[in-house]
Amino acid sequence: MKVYLVGGAVRDQLLGLPVKDRDWIVVGADPATLLSLGYQQVGKDFPVFLNPKTKEEYALARTERKSSAGYTGFICDFSPTITLEQDLIRRDLTINAMAQSEDGEIIDPYGGKQDLENRILRHISPAFSEDPLRVLRVARFAARYHSLGFKIASETLALMAELAQSGELQHLTAERIWLETEKALNEKNPEIYFETLHKTGALSVLFSEIDALYGVPNPVKHHPEVDSFIHTMLVLKQAVNLTENNPILNKSAVRFAAICHDLGKALTPQNILPHHYGHEQAGIKPTRSLCKRLKVPSYFQELAELTCEFHTHIHKAFELRAETVITLFNRFDVWRKPQRFQEFLQVCLADTRGRTGFETKDYPQIDYINQLLHAANEVDVQQVIADGFEKQAIKNELTKRRILAVKQTKTNYPTN
């Protein structure tokens, strides 16, 4: 029986990156052997065991043979005669198919180290096409390692495009698509994930609402980048900058809202382009459709829909009437969900800066709207009750006093 460290731990170690999870492969053993050594079996689909001391996962070396469509249609063989090389070749990319022996030797039968040095994401064998989930995984790795200079090999991109056209992607469950996508949203360059999926044709299959933005023009005066898909990717990049060092915000929810904020632009009638009157309200339906299909968590969906509907309100914050401001606060339920409103404001800032040449633009609207929010929050509900108001009258009086507080703050707010 031999044990090897495999996959991501070896890859990241060679890249000089911190190793998060360590996976191990056991060659020349069967389940009975590991159980006798005190390992605990946890895998249902294939034998995975927890080390009694470290609690790290140890899997028996295995081979896989495609038996039906999708990413679950495989027949596995876990016999003790399976070699390390046979196990490694079933993996997706060469850089993920290296192993390290217990004495520290790197075993690299498929050129992963060379591809690591050359910054290339390359599939190992034609068997790559047997698992459609790999299209998303490779796009996610491209997003993760883009800042280190990694590119996807042209032949791998071609295989990904073939998979996108084959109909195999339709066999992916909503849960798996969303899991990969949420992971991608938390990478350093999530825009690369979506750009890669667009390049391979997978975006139109899995995220048609986002893909529909491609080629939709905006007025060049406000959007020198013109294209709505390019703008959305620039907004996503800005959202990353604004959230990566902010532990309070829900990073992936903010980034998802950034992607959805302009989905309504894909529905703009041709005869009024490049203007997009009413795109805010129009964006709610495609956002809802996307979220329902992919079973996106409700928090993400709510923030994305509200962002679609109200992002231009913040751009025009200085023009809003006090009544409109309170209606906005009520729609966001800022009284009970203050963080969600702050996350929304970050998307609005990302939207302003996600335009070519506007990357460092000041956005005083956030300070202004937060001052109005502070004033509205200062209104004491207990005082309203103490003043003798009851039931619905409490809510009506509270709204009146909040509107008055906002009006006073607007009047006193410095305009220069």
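Keep in mind that glycine also has a Cβ here, set from the backbone N, Cα and C atoms.
Here Swiss-Prot flags G8, R11, R91, R137, R140 as CTP binding site, drawing on sequence analysis. Around the Cβ of R137 (CTP binding site), a 10 Å sphere holds 17 further Cβ atoms from the protein chains shown. Mapped onto three states, the DSSP output places R137 (CTP binding site) in helix.
If you look up Swiss-Prot, you'll see G8, R11, R91, R137, R140 marked as ATP binding site, on the strength of sequence analysis. Counting Cβ atoms from all protein chains shown, R91 (CTP binding site) has 21 others lying within 10 Å of its own Cβ.
Sequence annotations record features per position, and here Swiss-Prot assigns Mg(2+) binding site to D21, D23. DSSP gives D23 (Mg(2+) binding site) a strand state. Remark: D23 (Mg(2+) binding site) has L5, V6, G7, G8, A9, E56, E57, A59 as non-local neighbours, by Cβ distance under 8 Å and separation of at least 6 in sequence.
If you look up Swiss-Prot, you'll see 228-335 marked as domain 'HD'.
Geometry remark: R140 (CTP binding site) versus D21 (Mg(2+) binding site), CA distance 17 Å. Cα of R91 (CTP binding site) to Cα of D21 (Mg(2+) binding site): a span of 17 Å. Every protein chain shown contributes to the tally, and the Cβ of D21 (Mg(2+) binding site) ends up with 10 other Cβ atoms within 10 Å. Across the residues the record lists as binding CTP (G8, R11, R91, R137, R140), the two Cα atoms farthest apart are 15 Å from each other. The two recorded residues, R137 (CTP binding site) and D21 (Mg(2+) binding site), have Cα atoms 17 Å apart. Neighbour count (other Cβ atoms within 10 Å of the Cβ, all protein chains): 22 for R11 (CTP binding site).
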